[in-house]
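Asks: A single structure is presented below for examination.
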Amino acid sequence: MQDLLGTTLILLVACSLAAALTARLNIPTLLGYLLVGVLLGPPVTAWIMPGPALNFLSELGVALLLFMVGLEFSLGHFWLTRKTVLVAGTLQLAMVAAPVALALLWLGLPLDSAALLGAAAAMSSTALVSRQLADQGELTTRHGRGAIAVLVFQDLASVPLLALLAIWARGDAPGLGRVLGEVAGVLLLFAVSAVASRRLLHGLLGWVARQGHEESFVLVSLSLVVAAAAAAHALGVSAALGAFLAGMVLGESDFRYHMENHLKPFRDVLSGLFFVTIGLQLDTAQIVAAPLAVLGWLLALVPLKMGLNFLALRATRLARRHRAGSWRRVCASAPGHGHAAAPDRRHHGATDAGGAGVEHGVGTAPDPTP
């Protein structure tokens, strides 16, 4: 008990100092949390050791983080953009994984290892990106929504991908039936989310809200997050993905903002623990042993991935639409285009075929008066 209290005290004090320092230096808070994990972990001070309790709290933090991100979306919006997300996500995975795998093959790695590392290089962290977008206030922008949609596609694609890689690498790995079962689990999770959106969760929250007891509403909201994460884990899917789907379901309800206001403190604290846990598990000895190799791979992979991601989005016209939307917002903020003057119908009366007009409440509608 004493050790647990001491660990909690060290974590809270260190995270508080990191948050204050990063805010003063105007750098991302995530970097401060990661650095706290590195400094407190086994490679440096060994004051805190990774354990089941800390891992559980960090997983709960990720689930809450992705749940809050899901509240900003809706199943309807996700369904309307399914084709674009499917094409962009597939292109992004293929265009990044293939060159990296070929480069590793050229360096002499076995085929299964090269394929695994290539697939890993193509993936991105949904938790890191969503937290950074939220901190920057860009989660609900067009590029923020597009990034989250592609990241969710990556999470879905990782289920059969990892199973297939396991089959390839080990003879005792699960067979094709296991892969199909995991894919069916993902589809089942989506189907249950779509049905529950109007038949169960909205009614449950409405009944709890009518009781007028704030504490019950918070507890039920947390229970829904944990239940969605547990259901996803039972189906062999990421627990955070299940929480994200639950957030999308409840994002269409009348209780969205109420839940955001009540759950935000829990999300901030517990998701911070997740990033600290990442720092705790970082093997700095490997970096110190070969710093030039690590730096070289970073300098090669980051620009390569940025460029290939841009090409994938460009191929699906997302980049072009984003530029068009940005141009319209610039025009709307210029003199004569704001709230003081009615917009010109010739420019703002309709949206173009690419959907780059007024989006998600951004922009102004044409004045109906002559």
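Using N, Cα and C of the backbone, Cβ positions are placed for all residues, glycine too.
All TrEMBL annotations are machine predictions without curation.
Heads up, here are the entries from TrEMBL:
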- 15-324: domain 'Cation/H+ exchanger transmembrane' (DOMAIN)
- 333-370: region 'Disordered' (REGION)
- 30-48: transmembrane segment (TRANSMEM)
- 60-80: transmembrane segment (TRANSMEM)
- 86-107: transmembrane segment (TRANSMEM)
- 146-167: transmembrane segment (TRANSMEM)
- 179-197: transmembrane segment (TRANSMEM)
- 217-250: transmembrane segment (TRANSMEM)
- 270-288: transmembrane segment (TRANSMEM)
- 294-313: transmembrane segment (TRANSMEM)
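For the listed features, I'd like the structural context: burial, neighbours, distances.
Replies: Remote same-chain residues near the transmembrane segment (30-48) are listed as 7, 10-11, 14-15, 18-19, 21-22, 54, 128, 131-132, 135, 272, 275-285 (criterion: CB distance under 8 Å, separation of at least six residues from the stretch ends).
Within the chain carrying the transmembrane segment (60-80), a Cβ under 8 angstroms from the stretch's Cβ atoms is held by residues 126-127, 130-131, 134, 139-140, 145, 148-149, 152, 193-194, 197, 225-226, 228-229, 239-252, 256, 259-260, 263-264, 266-267, 269-274, all 6 or more beyond its ends.
Tertiary proximity for the transmembrane segment (86-107) is limited to same-chain residues at least six positions away from its ends with a CB under 8 Å from its CB atoms, namely 113-115, 117-119, 121-122, 146, 149-150, 153-154, 157, 301, 304-305, 308-309, 311-313, 315-316, 318.
Tertiary proximity for the transmembrane segment (270-288) is limited to same-chain residues at least six positions away from its ends with a CB under 8 Å from its CB atoms, namely 11, 14-15, 19, 29-30, 33-44, 48-50, 54-55, 57-62, 64-65, 127-128, 131, 294.
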